[in-house]
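Reading through the structure tokens given below for one structure.
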Amino acid sequence: MSILRIHAREIFDSRGNPTVEVDLYTAKGLFRAAVPSGASTGIYEALELRDNDKTRFMGKGVSQAVEHINKTIAPALVSKKVNVVEQEKIDKLMIEMDGTENKSKFGANAILGVSLAVCKAGAVEKGVPLYRHIADLAGNPEVILPVPAFNVINGGSHAGNKLAMQEFMILPVGASSFREAMRIGAEVYHNLKNVIKEKYGKDATNVGDEGGFAPNILENKEALELLKTAIAKAGYTDQVVIGMDVAASEFYRSGKYDLDFKSPDDPSRYITPDQLADLYKSFVQNYPVVSIEDPFDQDDWGAWQKFTASAGIQVVGDDLTVTNPKRIAKAASEKSCNCLLLKVNQIGSVTESLQACKLAQSNGWGVMVSHRSGETEDTFIADLVVGLCTGQIKTGAPCRSERLAKYNQILRIEEELGSKAKFAGRSFRNPLAK
């Protein structure tokens, strides 16, 4: 079934910034997709086209990206009469029309919006759920429900506190189902709220962009201590482990790292990559930390390689790899990390996201599907993580509707699968291992 009409518009993301939404019509109905947007973005990401017209939305409008869809992409796809199940063909067509390495002509936000809508239409065309259509596109015969990684304490560029490291996450790996993982996550979250309130006062429980708390602490160890306490109070010490997203590129300063980067600059306090690595190792020793994302700057390749070889935990590349096949291939050959963070808007199409995932998995890596800090009510990544069988997803705390929208969709999928539902649990790093 071919595309009858495509219409794009500017809508608002969870931070009040404009983003792209696409309505795609086939004979089967309307299929709608919205594009997310990040705060701490890797410099190697595909280009998110913003208007840069300072008189409108502080320069963050996306009317050009919308216009590229309505005036160029839409007429081309409608006239070509391609069947919506042909995801790769349609994505390729848009990428060729754009003609740039990083999608800077149309904007990755334009191409991705259409790509996501096409994928949703393709599922209905085939008469299968979206996660099953994605599994088919990826060549996966089975599907797996992921362990959620809840970002419950925020720092870095996501928060107004002094904390340098961006995310402290809880992963309920000991749960027996996704529904149970949600319950554990929610209960630990509420216990954490009380722990923070008792220690720092009620105003310390205000939430950040992703629904986590942002108490005004400076020491990263203090965040881990708060998590350890909340997990114990909730009664889940044996079932919950901790993950971190350091986003170290945000505080990289000419070969060193500044763990107090939100204070006035003082080079005397910078630490070396080796000192930072030792700090991480102390975290792993003293807390149930099993996963660290972006521990070093996106170009500090040597530090990544050294750490991954010796840490014995999951080391996740986000700014390092930006869901880009070339960066993933380099990181794989240099053994820089052992897990890919998959963000559809870093690469800008469904097909390339699937390819990035496959490439990472073929190198023996784990893959964690991720939201962005500027999100919408779109739930595509919930179906994506199930269809790709990656076993892990991070899409915020169990708080704020744009985060819960994804988690709730995974709950529905688990219910629909019934007795066939398989939860990744403790095998979240490699759920397909027999």
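Note: Cβ is positioned from N, Cα and C throughout, glycine not excepted.
The Mg(2+) 1 binding site annotation in Swiss-Prot covers S40 and rests on similarity to another entry.
For K60 (N6-succinyllysine), other Cβ atoms within 10 Å of its Cβ number 20. The N6-succinyllysine annotation in Swiss-Prot covers K60 (among others).
With a 10 A radius on its CB, K89 (N6-succinyllysine) counts 13 other CB atoms from all the protein chains. What Swiss-Prot records for K89 (among others) is N6-succinyllysine, and it gives a large-scale study or a structure entry as the kind of evidence.
DSSP classifies K89 (N6-succinyllysine) as helix under the three-state reduction. Annotated N6-acetyllysine per Swiss-Prot: K89 (among others), in sequence order, evidence recorded as a large-scale study or a structure entry.
Under the heading N6-acetyllysine, Swiss-Prot lists K92 (among others). Neighbour density for K92 (N6-acetyllysine): within 10 A of its CB lie 14 other CB atoms from the protein chains shown.
Around K126 (N6-acetyllysine), taking its Cβ as the centre, 14 other Cβ atoms fall within 10 Å, counting all chains. Per Swiss-Prot, the feature N6-acetyllysine maps to K126 (among others).
Sequence-distant neighbours of E293 (substrate binding site) (same chain, six or more apart, CB under 8 Å from its CB) are E167, G243, M244, D245, V246, A247, V315, V316, G317, D318, L341, M368, listed in sequence order. For the recorded site, E293 (substrate binding site), the DSSP three-state label reads strand. According to Swiss-Prot, the feature substrate binding site maps to H158, E167, E293, D318, S370, H371, R372, S373, K394, an assignment based on similarity to another entry.
Sequence annotations record features per position, and here Swiss-Prot assigns N6-acetyllysine to K202 (among others). Same-chain residues at least 6 positions away in sequence with a Cβ under 8 Å from that of K202 (N6-acetyllysine) are not found in this chain.
Per Swiss-Prot, SUMO2 cross-link is recorded for K202.
If you look up Swiss-Prot, you'll see E210 marked as active site, proton donor. According to DSSP, E210 (active site, proton donor) sits in a coil region rather than a helix or strand.
The annotation N6-succinyllysine is assigned in Swiss-Prot to K228 (among others) on the grounds of a large-scale study or a structure entry. For K228 (N6-succinyllysine), the same-chain residues 6+ apart in sequence whose C-beta sits under 8 angstroms from its C-beta are Y287, P288.
The N6-(2-hydroxyisobutyryl)lysine annotation in Swiss-Prot covers K228 (among others), and the record cites similarity to another entry as its basis.
Annotation source Swiss-Prot lists Mg(2+) 2 binding site at D245, E293, D318.
Residues annotated as N6-(2-hydroxyisobutyryl)lysine in Swiss-Prot, with similarity to another entry given as evidence: K281 (among others). Counting Cβ atoms from all protein chains shown, K281 (N6-(2-hydroxyisobutyryl)lysine) has 16 others lying within 10 Å of its own Cβ. In the three-state DSSP assignment, the secondary structure recorded for K281 (N6-(2-hydroxyisobutyryl)lysine) is helix.
For K281 (among others), the entry in Swiss-Prot reads N6-acetyllysine.
Annotation source Swiss-Prot lists phosphoserine at S291 (among others), citing similarity to another entry. Counting every protein chain shown, 24 other Cβ atoms lie within 10 Å of the Cβ of S291 (phosphoserine).
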Do you know offhand how many angstrom separate K89 (N6-succinyllysine) and S370 (substrate binding site) by C-alpha? 25
Would you please pick out, from the recorded positions H158, R372, K420, the one with the fewest other Cβ atoms within 10 Å of its Cβ? K420
Excluding the flanking five residues on each side, which residues at least 6 beyond the ends of the region 'Required for interaction with PLG' (405-434) place their CB within less than 8 Å of a CB in that stretch? 129, 131, 142-148, 171, 173-179, 181-182, 314, 339, 361, 366, 371, 377-379, 381-383, 385-386, 389-393, 395-396, 398
In the region 'Required for interaction with PLG' (405-434), how many residues does DSSP put in helix, strand and coil? 19 helix, 1 strand, 10 coil
Cβ density check for S370 (substrate binding site), other Cβ within 10 Å (all protein chains) comes to 28
